[in-house]
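Peer 1: Please see the structure below; I have some questions.
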Amino acid sequence: MNIECFKQECQALLAEACVCNVPEERNESSNAENETAVDGELDVPRSNAFGHDFRDFEKESMRNAIVQECYRKNHIYQTCEFANKKKEEYGKLNKAEMSIWECYELLKDYVDESDPDLDEPQIDHLLQTAEAIRRDHPHEHWLHLTALIHGKVLLHPAFGEETQWCVVGSDTFPLGCAFDNNIVHHQFFKENPDSRNPAFNTKLGIYSENIGLDNITMSWGHDEYMCLVAKGNNTTLPPAGLFIIRFHSFYAMHRHGAYTFLMNDEDKEMLKWLQVFNKYDLYSKSKVKINQEEVKPYYLSLIKKYFPEKLKW
C-alpha cells in the first residue's frame with residue numbers, strides 16, 4: 001500500500017483521534033489507583049502499576065535503581081559504530097525461522113528493565129496494548145497487530161541473548177549527531193565516545209536538514225530489529241505500522257519535539273499515527289492480564305493477513 005492511498009484511507013480516523021501529547025503535569029490531588037483522566041477515547045490512569053506518575057525516572061525506588069542502571073549502560077555504549085555493526089549482523093535474518101506467534105510466546109519470561117511503570121512479562125504488556133487499541137479503534141486491524149509485535153525477543157538465547165541495555169531501550173535516539181537534552185538520563189552521555197567526536201557532536205552531525213528518519217542511524221534495540229524483520233519478510237503492514245515499530249521508543253521526538261529538523265514531510269504524517277499509538281503503549285500497562293487463549297484466534301488471523309506463515313529472524 002503506497003503512502004498516498006494510506007493517507008486517504010486513514011483521513012477520517014485521524015480527524016477524530018486525539019494526537020496531542022499527554023501533558024507532563026498531572027493533578028496530584030488524588031492517588032487512587034483506579035482514577036483516570038479522559039484523553040480522547042483512552043481513559044488515562046493517574047498512576048502506574050507502582051502507584052507513581054508514569055515515566056517518573058526520578059522517584060527513588062528499587063525499581064528505578066534498576067531502570068537507571070539500564071539507561072546508564074545504554075547511553076555509554078550505544079555509539080554509531082556499535083549500532084551499525086548490530087544492524088549489519090541482525091539484518092542477515094539468520095538467527096531463527098518461526099511464526100510471529102511462536103516468537104511472541106517467547107516473551108513470557110522477559111521483563112523490561114528500562115521500564116519504570118511495569119515489571120510484568122512483555123507478553124502481558126503487548127496484549128494489553130493491542131487490546132486497548134482494538135477496543136477504541138476496532139477497524140484499524142493493522143494497528144492492533146502493530147501493538148502486538150513490538151517486543152523484545154533479542155533477549156532470548158535463540159536470538160543472541162543480548163543484554164537488556166542494548167535491547168529494551170525505553171528511549172531510543174539518533175546516533176551520528178548531538179544527544180538531545182530531552183533524552184531520559186541525558187547525563188550519562190558524557191561517557192559516550194561519540195559525544196567527544198567532532199563529527200558526531202554537533203546539531204546535524206553527519207546528516208543534513210530534513211534528511212528523513214529513514215536515513216538516520218538510531219540506537220540499536222528491539223525497535224530497529226523488529227523493523228528489519230518486518231521489511232525483510234515483506235510484510236504488508238502500511239507505512240505507518242513500520243514507522244510505529246521503529247520509532248515508538250523515540251520519546252525525545254514524539255513527546256518533546258526534539259530532532260524535528262531531521263524529519264521530512266512523510267515522517268510528520270506518520271508521526272500522527274505514532275502519537276495515537278503511544279498513548280496505548282504507555283497507559284495500558286497494568287497488573288490486569290488479558291486471557292491469551294481467548295484473543296489468540298483474532299491475532300492469528302491478523303498475522304496471516306500481514307505476514308508470511310514463517311518468518312526469518
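Cβ coordinates come from backbone N, Cα and C, glycine included.
Annotations per TrEMBL:
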{"type": "BINDING", "residues": "HIS125, HIS150, HIS222, HIS248, ASP281", "note": "Fe cation binding site"}
Peer 1: State the count of C-beta atoms found within 10 angstroms of the C-beta of HIS248 (Fe cation binding site), not counting that atom itself.
Peer 2: 22
Peer 1: Specify the count of other C-beta atoms within 10 Å of the C-beta of ASP281 (Fe cation binding site).
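Peer 2: For ASP281 (Fe cation binding site), the count of other Cβ atoms within 10 Å is 22.
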